[in-house]
Structure formats: structure tokens, C-alpha cells
């Protein structure tokens, strides 16, 4: 301590108390300042230590806050995207609705029928009952427009689009195509004549007189050829597949109709050399079920085959068989039946003009061509009969058409139809006698059928002999004038009486039915475990069943009319009494009152 003070003295200091005090005061002040600074630094260090210790927690809070803010930002961004999408969708809907409103607010478009075009780019169209000259949109090629084609028109009636041809309208009958080929004379529903224009489809395809055409009456255009459905319902053009060999018991009738129908077609030159006119018509008459329709079908088939053979297979070698369903010709509307008859003969003329033989067959001819004035509640025959007469007389100019009629009441057909020059040839198809019945049975009972072993053994296994014996036995049973075969007792107007047997009412249809019954018996017997094959016993039983089934069929209200239909002619019948006994012969015959009921026709 003494050193410094010595030093101080040596430096020239006097060592006075005032100086020391000031120095001490300066030291104390400096010390206080340093102490204050140290304290401040210590507090700063402590604060920094606290902050350092608290920094991780704050960092985590900040990180969490940052994450929350990012999540909120993402949510806001997604919401903003959805809002943008919603706005875009709303804008699209507004645009679509505006287009729909604009579309619905557009004026309606019209339709017209194209008629013709001109060099200046205008065209004539028919629309709303008026013929107009209009312009064409640049999007439509005028050269593609066809006469009769439908076109679309805008509000200004300009062509803006092409359409197809009209598919609906009125059906008319083509009478003839007029000069120039683009017009036609047609007949309407009431036979009213009018001239129409032919649309392009009809100009491109062949049409003939008698064709049915579809027209649009307002524009006067015909668009389409319609198949003749109304005629197709009444006729069968294809030749039936029935030959003479399938018909039994009618040899003389077949020969007569072949001479009348086939010879004039096959030997035209000979007929011309002999100045012989071929018959224009044939009437087949007789009781029901005796083969009139079969003969007509067979002659058409035979004629077709012979024409083909004569031409050596050249050409089609066809014949046409127009089978007219008589009652279906009748129509409640005035003039319709006559129109149908004209259509039928028009079809016949078309086919005949092609060089092919045509047979027009009227079945049940008495139902539509009755004697004029005989109608009870109508006089429709007064116009139908003259229509047929005019058509038959018109056939005179044709070489390949013949009319065949079939009826079981020829007395009801108008005499003008039956006179020579119309239905020239009249062939009676009678009920089969015993020989004819054997021939008919032979068509259905043939050696190829399964035969009962016992019956076959009786004839030494000879199938031909067995079948012949079966047929002979059942025919003898049918045609025997025995007590059990008695059917009717008829009383004539003069008081005479006559007993009629079942054989007097036999027919080919009845024989076919008897054989069918017997075959069914054989089938049932085999199904139930019995032996297989047709036997004589079944044929005899079927014959009795057929007789028994028909005992109530005679018409007793008007016996004379019934007799005429059944083929009995002569003295007028006033009373009918059945004589049928039971299957065991124990039931008594019974009389049927003439006022009982209307009955049926046998």
C-alpha cells in the first residue's frame, strides 16, 4: 500500500486529503456504475436464460398457429374452388336455358311436297293446300330434291331441310298411267276418278293397272305401291298340291273337267282349226262333301304340270288358281262386293296376259250369285250378278282364263250365269256308290299302315289282301239295305213314302271321317297297352258311330230345301221321319216334328 502512495508522491503529488477523497469518490462512483452494469448484465443474462428456456414452447405455439392458419387457408381455397365451379355451372345452365328459350321461341316449321325446280335456284312446293315458289337454303342441294319428296320449310316458307317420302295417306286403285309417264289416272274409294302425279319411287319402279297406290290427296301425289292385301285375303294364287290320283270315285267327273279345261289350253291350234271355242266356265254341283273343291284344285295342278311338260320346261310352266272365298266377298257397304269382283278378274287378266293359264274358282257360288229377286231382306244380288256376268263376258277376249264354280244348290244360282256362253259345262258330282266308296276307302286305307296282327294272319300275312278285305267288308256294311241301316222315311207331296238308307247320304268326306275314327281307335288301343295296328273291327265300329252321330242332322223345318242340298231331287218332300235304331237294335225309331227346330244340313 505504501508503494503506490510513494509513487504518487514522487510524481509531484502533495498527498493532500482532498485529492484522495476525490479519487475515492471517483472510484466509488465508477464502482457503483460497474456494479450497476453488472447487475443489469446479470438481469439481462437471467432474462435471456428465461427466454432461452421458454423459446421451444413458443416455437411450438407458433407452429401450431401456422398449421391452423394453413388449414383455414386450405378450407378457404376449397370453398373458393367450389364457388367457382358453382358459378361456372350456373353460367352453363343460364346459357342452356337461354338456348332452350330461344329454341322454344322460334316460329314453327312447316312441311311441303317438292314439285319442281328452276334455274334461278327457286323451287315449287305444295304446302297447306297452296302451290308456292320459294327459295332454298344454301345447305340444301337442289339437285338432290326428287319429285314428291317431303321438305321442311322455315317461317319464311323457304326450304331448309329435305325429308323422306310420305308414308301415310289414302289408298286408290291405278287405272292407267297417262302419256308422259309422270301422271296416272286412279280410282278412289267411291270409284271417283282423279289424276295424280307419280313420285320418284313410282317413276323408278314398274306399276300396272290394278295396283293399289298410296296418295296424299291434298298434294295430289302418289308415293308408293301397296300390296293388294284385300285381294290376297280372297284368293290363293299358288296351285294346290293335289293330284287326280288323290281323288277316288270320280273318274267320269275328272274326265269331263279335264276335257273342258285342259284340252283348250294344251291344244289351242286344234281348237282354232276346228273353229271350236273353249268353254268360259264350268259348274261343279252336287251334295256337300263329295269332292267338288278337290276336283277344281286337282285340275289346276294337272294343268300346271302339263303346260310345263309341253313347253319342255321352258319358262315358268306355271298356272294360277284364284280361289275365291265366296261369302267373304259380301260387304255391307254398297258397291264394295262389286269392286272386289272387278279386282279378282283384273288379277286374272294380269296373269293371263303373261301367257299363263288362270283358273278362277268360286266356292259356294250360290251364296253370292243367287237368282235376282230372290233375296228376303236385300236385293244385293241385283248388282252382284250383273257384275259377274260382265266380267265373264269380258273373259271372251282372253285365251287363258276359265271360271269354275262349285255349289250344292245350283237351283239358287241366277240362270243368266248358267246359260251357255258363260258357265258352259255343268258337271254333277254325285254321292259315291259302292264301287266309288271302295275307291275312296283305298285312298285312306293302304297296305303301308300298321295292321292288326290277327287280321293280317287271317290272310296269311298278305297286306294287300288284308286291306282289300277290310274295305270290302266295311263297304258292304255301309251299303246294305238292312234294318239297322235305315235312316229316314220321307213323305212326298203326293202322299207317297220312301225309306232312305245311310248309303243314300254317304260322301267322300264321311268316308274320310270313318277311316280317321278307326285310326284313332287303333292309336288309343296301342297307348293303353293293346296290340298295334288298324283292324276291321275298328272300321265297322267307326262306321256305326258315324251313322249314329248324323241321325239328328236332317233339317226338319224345311224338308224340301234340306233334300235339295242333300242331293235328293224330284217330288217335293213335306215330311221327314227318322228311322235310326240304337246300336243294340233295342231303341225304337222316333219321329221328328216338322216344327221342332231348324236343324242342320247333313
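Cβ coordinates are placed from backbone N, Cα and C, and glycine is handled just like the others.
Swiss-Prot annotations:
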BINDING   289, 290, 291, 292, 293, 294  ATP binding site
COILED    19-106  coiled coil
COMPBIAS  1-17  compositional bias 'Low complexity'
COMPBIAS  18-31  compositional bias 'Basic and acidic residues'
REGION    1-31  region 'Disordered'
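Taking DSSP states H, G and I as helix and E and B as strand, the compositional bias 'Basic and acidic residues' (18-31) has 14 helix, 0 strand, 0 coil. Within 8 Å of the Cβ centroid of the ATP site, not counting the listed residues 289, 290, 291, 292, 293, 294, the chain contributes 284, 286, 288, 295, 406, 429, 507, 508, 509. Of the listed binding-site residues, namely 289, 291, the sparsest Cβ surroundings within 10 Å are found at 289. If you take the C-beta of residue 292 (ATP binding site) and look for same-chain residues 6 or more apart in sequence within under 8 angstroms, you find 284, 285, 286, 406, 407, 408, 429. Sequence-distant contacts (6 or more apart, same chain, Cβ under 8 Å) of residue 290 (ATP binding site) comprise 250, 429, 430, 431, 432, 507, 508, 509. Around the Cβ of residue 293 (ATP binding site), the same chain contributes 361, 363, 406, each under 8 angstroms and 6 or more positions distant in sequence. The Cβ of residue 294 (ATP binding site) has 242, 246, 247, 508 as same-chain neighbours under 8 Å, each 6 or more residues away in sequence. Under DSSP, residue 290 (ATP binding site) is assigned to coil, being neither helix nor strand in the three-state scheme.
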